[in-house]
Ligand SMILES: Cc1cc2nc3c(=O)[nH]c(=O)nc-3n(C[C@H](O)[C@H](O)[C@H](O)COP(=O)(O)O)c2cc1C
């Protein structure tokens, strides 16, 4: 029955172009039409990561709720946390439409949105009244026409310091020309120095230290990963998010939409992003928090990210195909998998397949 509703909802939304369908799903969540999931309160799924207490390890990835319109509704779907943004200091319209494409046969998505968002002030106004109501991260970026990109990230830290549970510095969107260059060693060092200095100043004023994560691309060479790991450890960053969308187009069934420019996500990203996750875990050691994202579509794939080295997991694209019941199904599915694995905490399974994933080629 639920499956029938799911198919109906999906077929309904798939009649519209992806961006219109996305807007409709946000409107449905805002209106309260989407039923909340019965939250599984399984103590084995709880994790404390970067000083935050997560009821379960599954989060909504950045890009779905760019303007912080529905964080509470997303948490009610069963997510243990949600991430708003990417937000930039000034509002910007992004690239011309169409700019989101479904690869239905692959259960993938290609987007070249280019950080369309309403800017810092609009998101801040929405977040202020719901402060403290669940774990809400703020993903910050730079305006396309910015003359000082690092200053835009610093502005994000300062603007959202009183409302963010954590920050994500997103330097890995492929859709803002030159943004990924911030991953190069010298630029990354300058970015991390500035962002963490701003965070430390704000922490001294507020009396509380908000963690900062760095979100990286899956399209990295082994040397690129070495450089990022070295900088992350040197600057005492709080964690990594691995990964953003990929520019690769390997192994796709769809050969039409696949030609679109942009970042690919969803099922076709799972292997690549999980491999990079494990390779980064190997480089940064056991202590640094890592959030795994890319192609999570089920409890099994969520758990596989954890076995490859993730502390927490996020998803976005597969919800396009599976509907708003997906987070609830994954969280209850994780409990069942823990019964089978006979462990007292999901933490015990972290890194259990690290070598399997880290030894692969990207
Ligand atoms: C339509 C769309 C928009 C996205 N926008 C952002 C964004 O603004 N900031 C960001 O850090 N990631 C963004 N992402 C990337 C996702 O957060 C995630 O890293 C990526 O899609 C891989 O996860 P998935 O396969 O579960 O979708 C976006 C993804 C999609 C599909």
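The chain as shown is numbered from 1 upward.
Keep in mind that glycine also has a Cβ here, set from the backbone N, Cα and C atoms.
Cross-referencing 40, 86, 88 with the FMN binding residues that TrEMBL gives (62, 63, 64, 65, 66, 139, 170, 215, 243, 266, 295, 316, 317) picks out 86.
Using a 10 Å Cα-Cα cut-off around residue 215 (FMN binding site), the recorded positions 112, 114, 173 reduce to 173. Rounded to a whole number, the distance between the Cα atoms of residue 266 (FMN binding site) and residue 114 (substrate binding site) is 18 Å. In sequence order, 63, 86, 94, 173, 174, 176, 262, 263 are the residues of the same chain, not among 66, 111, 112, 113, 114, 115, 170, 175, 244, 245, whose CB sits within 8 A of the CB centroid for the substrate site.
Reduced to three states, the DSSP call for residue 139 (FMN binding site) is strand. With a cut-off of under 6 Å between the Cβ and any atom of ligand 1, the binding-site residues 62, 64, 112, 215, 266, 316 reduce to 62, 215, 266, 316.
If you check the binding-site residues 64, 66, 139, 316 against residue 244 (substrate binding site), none has a Cα inside 10 Å of its Cα.
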